[in-house]
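Asks: Just dropping this structure here.
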Amino acid sequence: MFQDVLVITVAAGRGGDGAVSFRREKFVPKGGPDGGDGGRGGSVYLRARGSVDSLSRLSKRTYKAEDGEHGRGSQQHGRGGEDLVIEVPRGTRVFDADTGELLADLTEEGQTVLVARGGAGGRGNMHFVSPTRQAPRFAEAGEEGEKRRLRLELMLIADVGLVGYPNAGKSSLLAAMTRAHPKIAPYPFTTLSPNLGVVEVSEEERFTLADIPGIIEGASEGKGLGLEFLRHIARTRVLLYVLDAADEPLKTLETLRKEVGAYDPALLRRPSLVALNKVDLLEEEAVKALADALAREGLAVLPVSALTGAGLPALKEALHALVRSTPPPEMPKPVPRKEVQAGVEVVPVAEGVYEVRAPEVERYLARIKGDLMEAAGYLQEVFRRQGVEAALRAKGVRAGDLVRIGGLEFEYIPEV
């Protein structure tokens, strides 16, 4: 079953914990710390593949990459978690399901985007040795991997989009001009999902057609099937309005343009042609009168018959010329990935009480594993290196004042 909208959850792997371990071997009475590092958690990527034609292949609703292994003694590092690559159709747009931000537009074969970054592995206790800290009994825990909900929207990539009423002969026209085999039947709403076909102009030149389910009056208010599929013509360079010559084509064109404009006014400015289909059902004079009346609407009109093939060579040439002279439409650009902002902010919350907001420092605090008291010296080094000490002094924090940061609370003792 064709599916062009899907919400999934992606979760990257957690980083492995660093080990608290000491060398214990015969004849080595004072072995030092030898805790290995944890492995990095696997990340989650989306990759565009032309061989994938629908989001329905994504059978799961949650996708999780592998966690990193924990470090071990004897300086043994944990193995990194395996990355997870999810293949999606070309033309898939990726949104953050909670914020609505566009994260990626995967239009090229093999184009890959990182959607959930794996957590960093924690460092083992052998990294925290210093002249005053010979046997650290603490290490770093691994970071949690990113987790987010994604909304995937497939927008077909084609040069020409076919727009018309149900049973106007769009699928027949697609089949007559290309090697596509859409379902064709003498009743409305035969086409329930978009179809693609390639029109071969010569051995070197070709262009693609996209046929979407028929649009009816009131589609912009939720009637019928066509409106929800109009996104599939948003990328097309040219629109081809397919009209049934025997069924009020002037009124039909007016309705189609009204509904298309209600979906996206920019589509009305897209270069367009009119294919007056099923002319084999009318007399030549009637066809000419209809074509002249439609031409007064400001669009080039080509009488055709998908059944007999009449007018199709001229339609191919006209579409090809328009495609060649029209650049691809501008699409919304993805939002650049936001990195954690560095910096330190000291905020007074009460008399003699201050809160420190420093994302990078809070990351260090959250990852301490083991003896916190023994880690105090290391944390003081982190505070100095990250500018917390300087920020507290600049804010006028005095000895004995209460400082809160990352869930910890302590009395401030200025460095001498």
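Even glycines carry a Cβ here, placed using N, Cα and C.
What Swiss-Prot shows for this protein is this:
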DOMAIN    1-157  domain 'Obg'
COMPBIAS  32-42  compositional bias 'Gly residues'
DOMAIN    158-324  domain 'OBG-type G'
BINDING   164-171, 189-193, 211-214, 277-280, 305-307  GTP binding site
BINDING   Ser171, Thr191  Mg(2+) binding site
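Can you tell me where each of these features sits in this structure?
Replies: Mean predicted confidence for the domain 'Obg' (1-157): the pLDDT average there is 90.
The 10 Å shell around the Cβ of Lys278 (GTP binding site) contains 24 further Cβ atoms across the protein chains shown.
When secondary structure is read from DSSP and collapsed to three states, Ser171 (Mg(2+) binding site) falls in the helix class.
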Asks: In terms of Cβ proximity under 8 Å, which residues at least six beyond the ends of the compositional bias 'Gly residues' (32-42) contact it?
Replies: 12-23, 65-84, 118-129, 134-136, 139-143, 145
Asks: To the nearest whole angstrom, state the Cα distance for the pair Lys278 (GTP binding site) and Ser171 (Mg(2+) binding site).
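Replies: That separation, Cα to Cα, works out to 13 Å.
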Asks: Go ahead and report the DSSP secondary structure tallies for the compositional bias 'Gly residues' (32-42): helix first, then strand, then coil.
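Replies: For that range the per-state counts are 0 helix, 1 strand, 10 coil.
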Asks: Measure from the CA atom of Ser171 (Mg(2+) binding site) to the CA atom of Ser305 (GTP binding site) and give the result in Å, rounded to a whole number.
Replies: 12
